[in-house]
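Working notes, beginning with the structure itself.
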Amino acid sequence: MARVTSILLFVTLFGLVWCDADREKRQAQNSEDTPEDPSIDDLCKNRPPDEYFRLTTEGDCRDVVRCDQAGENGITRLAGVRCPNGLAFDIDRQTCDWKTRVKNCDKTEKPRKVMPILKTDEPICPEKQLACGNGECLAKELFCNDKPDCKDESDENACTVELDPNRAPDCDSSQCELPDCFCSADGTRIPGNIEPNQVPQMVTITFNGAVNVDNIDLYSEIFKGQQNPNGCTIKGTFFASHKYSNYAAIQELHRQGHEIAVFSLTHKDDPKYWTGGSYDDWLAEMAGGRLIIERFANISDGSVVGIRAPYLRVGGNKQFDMMKDQFFVYDASITAPLGRVPIWPYTLYFRMPHKCNGNAQNCPSRSHPIWEMVMNELDRRDDPTFDESLPGCHMVDSCSNIQTGDQFARLLRHNLQRHMSTNRAPLGLHFHASWLKSNKEFKEVLIKFIEEQLEGNNVYFVTMLQVIQWMQNPTEITALRDFADWKEKCDVKGQPYCSLPNPCPLTTRELPGETVRLFTCMECPNNYPWILDPTGDGYSNNNN
């Protein structure tokens, strides 16, 4: 997986050679004055703009094209891509990879899915019915329900946020009111219509992954009793994965007032598992992960209400259906593309206010009673005054051009200023602890940044749930000292619940041959908790 990721990064940053495929095709044709546009139109008919395909199977398997409608006068053209030397283009996976790993150089395109007939000049089906690709008419509600009903299965092939016939409606502010619902046409509106200079600039510092001896000292240094302008200590959100987590350490983070959320139980390293996961997969991973956290970190206040998908591979409607049924409050996995004005979090009762961005683009299309703590991409330009073409990055450690402490400091200051000078949408700083651990200078820059911002009265370092609490009850800066929802665990004192947790050495049939230590202040379970046995007592050692 790491090898493929590095290839993708290399290709994305250095290896793509864009060319004018129209010109190449023109040169390849004989001197006949054959019209080109009809053939390009045929090639591009019903083809997604982000799908790459070959014009020929001859050659070295490096060249592909896609349909581009950005030409003059809106005329469709073919834009070409060439993989770097030594690589070939994998048509099925739509990426460059080592040549020895690509087995479909004899294919010109991905298998084409039959699409339903959703738009016609004249209706071809009775009211409240839609046409399958073969002309068969079915009830509208059967489309995109994760169960093929058309004989050609076309009812499940047009289910994106834009195409799903049963998609969530566009934002209707008259039907969407706080505290339960929040939306705006472009996602930039401030809750409560408060003037920007009276909105607290909230900053959410989040970490993904296991909490253990490798990073608990880092967390202590970052959140070392510093106080927000309302007198409460600064807080962060920890999306905890199960394996290798120390639940005594998670329990202590929770005692200190930090938010604990779920990053999955297994953290499987197959991204397709998350993108295409079933309802039951998401249930086992996220509800199971929460059960383990609550039991072994002794969290009994119902505060574990958020999730983040591994690799930010959103699971579409299945993930959010599970979240609704299991009373999760928010997801923090969807990224918003870098724009002039950042996006505020929103509820998914209505259609999301930005393009489905990020990994695999499997955003929910239906209406869900879930908050989306959208991840605004960071502007990583070294000099924001210079119009350099660099895409944004959603995790701080995915900003690959940040190599020095000075660059990191500029990124933090510039992005905070970008939020503060526009609509003061919450600024998300999302990390893997290893990135800060591997470079002491980065850690020191982050700590200094926090200290600098706390010298004023506008910036608050809060949890994801605290952002939602403020949005549900928008309160001006001048009244935040008395904002009750932020007072819980305002300034925690006292000692940890336990200084010597149980180091439970455990096994499970689901991880044959492994003995894993589970550190907890609670009683040791019979087995190591895992996907089919999250409590650890489903199998006793005496069972056959």
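Keep in mind that glycine also has a Cβ here, set from the backbone N, Cα and C atoms.
Listed in TrEMBL as the disulfide partner of Cys144, from the options Cys125, Cys159, Cys171, is Cys159. Annotation in TrEMBL places Cys125 in a disulphide bond whose other cysteine, of Cys132, Cys137, is Cys137. Disulfide annotation in TrEMBL: Cys150 is bonded to Cys132, selected among Cys132, Cys171. Summarising model confidence by region, the domain 'Chitin-binding type-2' (41-107) averages a pLDDT of 86. Per DSSP, the domain 'Chitin-binding type-2' (41-107) is made up of 10 helix, 21 strand, 36 coil. Checked against Cys137 (disulfide bond) by C-alpha proximity, the disulfide-bonded residues Cys144, Cys150, Cys159 yield Cys150 as the nearest. Looking at Cys125 (disulfide bond) and Cys144 (disulfide bond), their Cα atoms lie 18 Å from each other. When the disulfide-bonded residues Cys137, Cys150, Cys159 are compared by the number of other CB atoms within 10 angstroms of each CB, Cys137 has the fewest. Considering only the disulfide-bonded residues Cys125, Cys132, Cys144, the Cβ with the fewest other Cβ atoms within 10 Å is that of Cys125.
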